[in-house]
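Asks: Provided herewith is a single structure, encoded as structure tokens, for subsequent inquiry.
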Amino acid sequence: MGPQSWIPGSGSSMDQVSNGTRRYEGGSRPQEAHTGNETRNDDDDTGYDNARCGGVNKAKAAAVSSTTAPAGPTDGGSLNREAQVLIFYSSITTNTGRIANEFKANLDAAIKALPDLPDSKFLDAEVLDLAEIDFDDYFIAPPASKKGVDLFYMILLPSYNIDTINDTFLEHLKETHYDFRIDTGSLSALLGYSVFGFGDREGWPDENEGYCFQAKEVDKWMARLTGRKRAYPVGMGDIKIDYRERMAEWTSGVTEILGQVARTGNLGEGLPGSGSAVESDDESGSDVDEEYDDGETLVDSGSGSASGDLGDVEDLGKIVEGIPKEAKEAAAAEAPLAVDFTNYGKSVVPLRKRAAAQAVPKEMVPKNSPTYASLTKQGYAIVGSHSGVKICRWTKSALRGRGSCYKYSFYGINSHQCMESTPSLSCSNKCVFCWRHGTNPVGTTWRWVVDPPDLIFNGIKANHYQKIKVLRGMAGVRAERYAEAMRIRHCALSLVGEPIFYPHINEFLALLHGDRISSFLVCNAQHPDQLAALKAVTQLYVSIDASNKESLRRIDRPLHRDFWERFQRCLDILREKRFKHRTVFRLTLVKGFNIDDEVEGYADLVERGLPCFVEIKGFVRALERRLGERGLGYGIAAEHAHSCCVLIASDRFRVDGKWHTKIDYERFFQLLEERGADGDWTPEEYMGEETPEWATWGNGGFDPRDERVDRKGRKIEI
């Protein structure tokens with residue numbers, strides 16, 4: 001089944017809710033730092049009665065503990081302070097966001113309608129997008145900005161079988177739980193929490209097969225972080241059938257609990273899961289506590305005293321004594337087995353099978369996945385398991401002699417000989433302006449199958465030529481340009497995802513250059529190590545989408561928690577490379593996000609990176625003035641009016657008062673052959689001829705040899 005979309009009130013599905021089987025990415029759970037006498041039993045939530053830092057008496061490791069939860073309300077009395085509900089949601093296409101805002105309005109009204117509840121008890125709820133917040137601010141300890149207010153968390157979560165912010169969020173919860181520097185139950189100061197999941201039973205018939213699986217995972221980890229303060233059982237609704245009814249029932253139950261908390265100061269015991277000492281079955285066992293029926297189980301959970309909780313690591317000797325002699329001899333005959341000592345309550349489980357499962361990476365975009373179906377529907381040809389190619393609309397336009405893109409006006413690239421592709425469909429951002437409809441995979445590390453560079457190179461060329469052949473029957477195609485299009489001269493690595501993320505990007509670039517195909521590589525400034533290791537590229541871009549940390553968080557929605565530090569480091573690397581590569585800042589501006597009052601910030605970034613060129617839309621003159629005031633030596637060199645794009649260039653590319661923004665591609669390949677990919681040459685050495693008059697500032701950037709037409713194909717006189 002393919003991905004679905006949902007519009008409130010339409011009754012259809014939403015947010016591409018996942019309908020496949022999720023890959024468990026964590027493998028064995030992270031090892032904790034051992035002090036030599038701590039215990040931990042995650043087979044139930046009584047593990048909270050054991051220590052994570054410093055022994056069985058829950059002694060805190062004060063020297064390394066980074067958070068201390070403030071005291072919550074006292075049991076047995078009404079709330080003495082104001083309270084507020086924080087509603088967190090995850091969404092790919094913003095539909096869950098609309099549901100969250102509708103839910104907020106209904107919840108506020110329901111709380112105010114509760115009997116015997118002063119209006120001042122609860123503040124209006126606040127809605128927060130998980131993709132736009134720093135998890136450290138909310139999910140290590142209650143936010144410092146809410147000091148003096150008791151908080152209640154509600155989480156609305158669709159489940160996806162592609163990499164999304166959900167995976168990053170779950171990983172954060174797990175890391176927080178296992179971090180020995182953080183106090184056990186670091187969110188225990190919350191009044192409580194509850195989770196509602198959106199699923200699709202048509203793809204996942206029941207809970208055992210993955211229905212609402214990510215909501216249940218979040219519910220499990222929140223129970224551990226809050227000290228079992230689940231206020232109401234996790235709600236689940238089918239987005240095609242009954243999610244409104246199920247959500248109404250869940251809302252009613254949670255509202256009743258909120259009223260009880262306000263009146264009594266505790267969750268009480270009136271509803272299942274509302275503080276019960278025994279948690280639900282899904283928490284009774286961890287995903288790493290399974291016993292494998294493969295003859296390698298060292299300890300049977302039913303082996304008498306050996307199955308009990310241990311008070312000290314030394315007590316493992318008692319367990320070893322209880323192991324049958326045959327099992328000892330068999331184990332001794334084999335290689336040593338990795339054992340997870342962070343969980344030795346019910347059983348001690350060998351990790352051989354788990355490690356074997358982890359050793360087989362999966363494909364990034366399997367052919368039977370919704371992601372594959374969605375991307376191919378959008379016109380992409382998927383090459384291998386993680387690469388793609390697509391025909392640009394400017395290629396079609398150039399074939400008909402109706403104009404070329406800005407790269408032709410600025411740098412002399414024929415659009416009909418340009419191939420737009422990527423060796424990595426995965427990205428580390430979820431930019432609000434992305435035109436891929438949120439269907440491409442996301443991730444912070446490469447954990448998929450890696451296709452060889454030659455497979456990608458041959459595959460994208462073959463698919464590009466196939467797509468060009470399809471266009472030969474298109475009305476208006478010029479025969480000479482069609483013939484030229486059958487020889488690729490340029491590759492724009494800017495299609496989708498993060499090309500530099502591909503582990504063999506240098507080898508792939510070498511194949512392009514070996515076939516005398518020039519390369520423009522665009523990156524999002526989130527992978528500094530890969531950027532630093534990059535070898536020869538014809539032109540290197542960094543997408544600059546914001547001038548400060550908060551704007552970058554809102555517009556790019558990066559997955560890396562240290563996104564700003566990565567961004568700044570990439571600019572520093574670009575500064576170092578400016579005498580070996582043609583470097584470009586691409587400013588993508590979005591109204592209401594990163595345009596207003598940020599000119600000075602962009603000037604700061606340009607001064608930091610000192611790129612050869614800046615491609616920009618909007619406030620061109622203002623930025624040029626700021627750069628001029630700082631004496632950085634930049635000027636407006638060219639424009640492409642149709643794309644609303646202007647090129648600001650360094651004075652390095654102004655010769656005798658004339659701009660030379662074009663590239664001498666033959667000279668580039670000659671330098672590459674003579675000096676190698678690590679060779680010492682400068683961008684000026686392959687600077688091309690003078691920028692044509694029609695491409696300079698004020699002349700529009702449209703080649704007079706082409707014919708300009710309107711949307712109905714009627715000729716426009718220039």
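Positions of Cβ are set from backbone N, Cα and C atoms, glycine also.
Quick paste of what TrEMBL says about this protein:
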| type | residues | note |
| --- | --- | --- |
| REGION | 1-52 | region 'Disordered' |
| COMPBIAS | 10-21 | compositional bias 'Polar residues' |
| COMPBIAS | 22-40 | compositional bias 'Basic and acidic residues' |
| DOMAIN | 85-255 | domain 'Flavodoxin-like' |
| REGION | 265-312 | region 'Disordered' |
| COMPBIAS | 279-297 | compositional bias 'Acidic residues' |
| COMPBIAS | 300-310 | compositional bias 'Low complexity' |
| DOMAIN | 411-658 | domain 'Radical SAM core' |
| REGION | 688-718 | region 'Disordered' |
| COMPBIAS | 703-718 | compositional bias 'Basic and acidic residues' |
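I'd like to know what surrounds each of these features in this structure.
Replies: Model confidence over the domain 'Radical SAM core' (411-658) is summarised by a mean pLDDT of 88.
Taking Cβ pairs closer than 8 Å, the region 'Disordered' (688-718) reaches residues 398, 401-404, 406, 408-412, 476, 636-642, 646, 655, 658-665 in its own chain, all 6 or more past its ends.
Taken residue by residue, the compositional bias 'Basic and acidic residues' (703-718) breaks down under DSSP into 0 helix, 2 strand, 14 coil.
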